Amino acid sequence: MCGLSEIQTVGVVGAGTMGNGIAQVAATAGYDVVMRDIEQRFVDNGLDSIESSLSRLDAKDELDESPETIRERIAGTTALGDFADADLVVEAALEDMEVKQDIFADLEDVTDSDVVLATNTSTLSITTIASATDREELVVGLHFMNPVPIMAGVEVVTGEKTDAAVTNLAHAFAEDLGKETWESDDKPGFVTNRVLMPWINEGIRAYDEGVASKEDMDKGMKLGTNVPMGPLELADHIGLDICLDASETLHEELGDRYKPAYLLKRKVAAGDLGKKTGKGFYEYE
Ligand SMILES: NC(=O)c1ccc[n+]([C@@H]2O[C@H](COP(=O)([O-])OP(=O)(O)OC[C@H]3O[C@@H](n4cnc5c(N)ncnc54)[C@H](O)[C@@H]3O)[C@@H](O)[C@H]2O)c1
C-alpha cells in the first residue's frame, strides 16, 4: 500500500454529483486525477460542472492556483484501463450493491494489487462491497458530503476486514483534501444517513399528509432547528433517487422505522429526481 506521500494519481469512478466533486477537490489539492464514467456525455457533464465550480471559487478568491491549472490535472475517460496508474481509487457510482461489486471486481483487475479502493457509498456495506475483491483489507469507506467542494467533513467507514493502516490513510487523504473526518463502523447508514434519512422521509410524509406547505415544512425546520436546509429542499439537493436507494437499504437492514415515504417513491418513478433533473419537490432552472 502507498503511503500518503506516494499517492500521485487518484482514480474516481463516476463523474456525477459526487464523482466530479471528489475529482475537483483532489485536483485542487495537487493530485492528478482520472475520472471515469460509462458514457462520454456523463464525463463531459462532470467536467463542465468542475469548470463552473472552479470559476465560482476563483471569483470568490478561494483558490491558490488558477482554475485552468487545477482543471488540467483532471483527465476524463470512459476507459477502465486508464486506472492502471492510479495509486488510490474512490468509487462514486450508483448506490446499488451489484453495480458496486462489479466495479470493485473490475478495479481489482486493472489496478496494482496494493492499491487502496475506497467507496463513497451512502449506506451500503463496505464489507459486502469488499467481498467482491481479493483485497478486502484494502477497501474502506470514504463518504464525502454534497457538495464536495463546500462541505467540510468526510466520514471514514471501516469494514470488517479493513486494515487499520488503510483507515489511517483514508483519514490522512481526506485531511489532505482540506476536510475534517470522523469514523463510523460498517453499520447501515453509518453515522450520517442513519439519522438523516428518517428525518427526510418524515418531512416528506408530513408534507404529503398536509401538515404544512412544502415551503413552510422547510422554513419551519430551518428556523426551528437551525439547519441550513429543510427536508424537502435537502432531498432535492441530494437527489431523490439517492435518498430512495439509501432509505430502501436502511429499511431492509433496520426495519419499518426506515420505510421510505410513498411520495418519495412516486417522484422517483416519475423521473423527478431533484436538482439534477430540474424538478423534485421544487423546480430548478
Ligand atoms: N448525492 C449525494 O448527496 C451523495 C452524498 C454522499 C454519497 N453519495 C453516494 O455517492 C455515490 C454517487 O452518487 P451521486 O449523487 O454522484 O450519483 P449520480 O447519479 O449523480 O452519479 C453517478 C454516476 O455514476 C455513473 N456510473 C454508473 N455506473 C458506473 C460505472 N460502472 N463506472 C463508472 N461510472 C458509473 C453514472 O453514469 C453517473 O454519472 C452513490 O453511492 C451515493 O449514494 C451521494
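Cβ coordinates are placed from backbone N, Cα and C, and glycine is handled just like the others.
Remember, predicted model here, so these are calculated numbers, not experimental data.
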Say TrEMBL lists Gly14, Ala15, Gly16, Thr17, Met18, Gly19, Glu95, Lys100, Ser122, Asn146, Lys276 as binding NAD(+): which of Asp37, Asp44, Asp256 is in the same site, per that record?
Asp37
For Asn146 (NAD(+) binding site), nearby residues of its own chain (Cβ under 8 Å, 6 or more apart in sequence):
Thr17, Met18, Gly21, His237, Ile238
According to DSSP, which of helix, strand or coil covers Lys100 (NAD(+) binding site)?
helix
Give the three-state DSSP assignment (helix, strand or coil) for Met18 (NAD(+) binding site).
helix
In the structure shown, which of the binding-site residues Gly14, Gly16 has the fewest other Cβ atoms within 10 Å?
Gly16
